[in-house]
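Note sheet for the following structure.
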Amino acid sequence: MNIAANIADDLETGEADTSGHALFADAPRSVSFNKLRKRLLRQVRQAFDDFDMLKGQKRWLVGLSGGKDSYGLLALLLDLKWRGLLPVELIACNLDQGQPNFPKHVLPDYLTKIGVRHRIEYRDTYSIVKEKVPEGATYCSLCSRLRRGNLYRVAREEGCDALVLGHHREDILETFFMNFFHGGRLASMPAKLLNDEGDLMVLRPLAYAAEDDLAKFAAAMQFPIIPCDLCGSQDGLQRNAMKDMLADIERRMPGRKDTMLRALSHVNPSHLLDPKLFDFSTLGVTDPS
């Protein structure tokens, strides 16, 4: 089913939209907000189509950190579900990692208010990260692994087919350049991935969405944002350097982020240097199997 191309809905009129899930009850009624909302919905639907995200899917665990991106992801999925465009059960999950002064009431209160099934899981990964990571080193890698492992466990316990995450265009580009500059390889975040155990999909429906758009969407929707003190307390992260580099390129050459993202879906193995992808003796693409 080509959701992005074949489904017409009232957002296509470009007029202020007053319909949608209950969480949109207090959303702006302006045409500009409607255009933003329409653009994000279209990009999510395009990701569904391009990466066949809905195939065999019945229940998703949606990771909710309390940041703008995961709030936006949940809102857009609920919007599509309300419109009958997402035949998948959604469960929102926040992993309370034991950070000091974490406002424990914010997410359950918000999710209860908008009527979303949810699970708040407590695991003190904060203390583990602080203990294991040497002074001056970055927390991101270990923190991410611990968080992902717990989310996989919850997804299995809830009978979910996939873990759905809020990574966006900039996350994908930053990861590509981190691997390029620091890992010596061409790789990024896949929009759809089977986990190592082979029992869960990892999906990123915001792969085409711009971070600026998600920030505007979050501000307009007045999501109760929770800052990450663990990561936010660190300076000089490699990812921040990549973010600054991409922002500088975009300032000097507008539209380059979209061009770079398109490049990730137009790979020519014969014009690279990897004999595992291209057989230079027969001049044919190598069978990955």
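Using the three backbone atoms N, Cα and C, a Cβ is placed for every residue, glycine included.
Per Swiss-Prot, the feature motif 'PP-loop motif' maps to 65-70; the stated evidence is sequence analysis. What Swiss-Prot records for Cys140, Cys143, Cys231 is [4Fe-4S] cluster binding site, and it gives sequence analysis as the kind of evidence.
Cβ atoms under 8 Å from those of the motif 'PP-loop motif' (65-70) belong to residues 94-95, 106-107, 165-168, 206, 211, 214-215, 217-218, 223-228 of the same chain, restricted to positions at least 6 beyond its ends. Scoring each of the binding-site residues (Cys140, Cys143) by how many neighbouring Cβ atoms lie within 10 Å, the top position goes to Cys143. The residues of the motif 'PP-loop motif' (65-70), classed with DSSP into helix (H, G, I), strand (E, B) and coil, number 3 helix, 0 strand, 3 coil.
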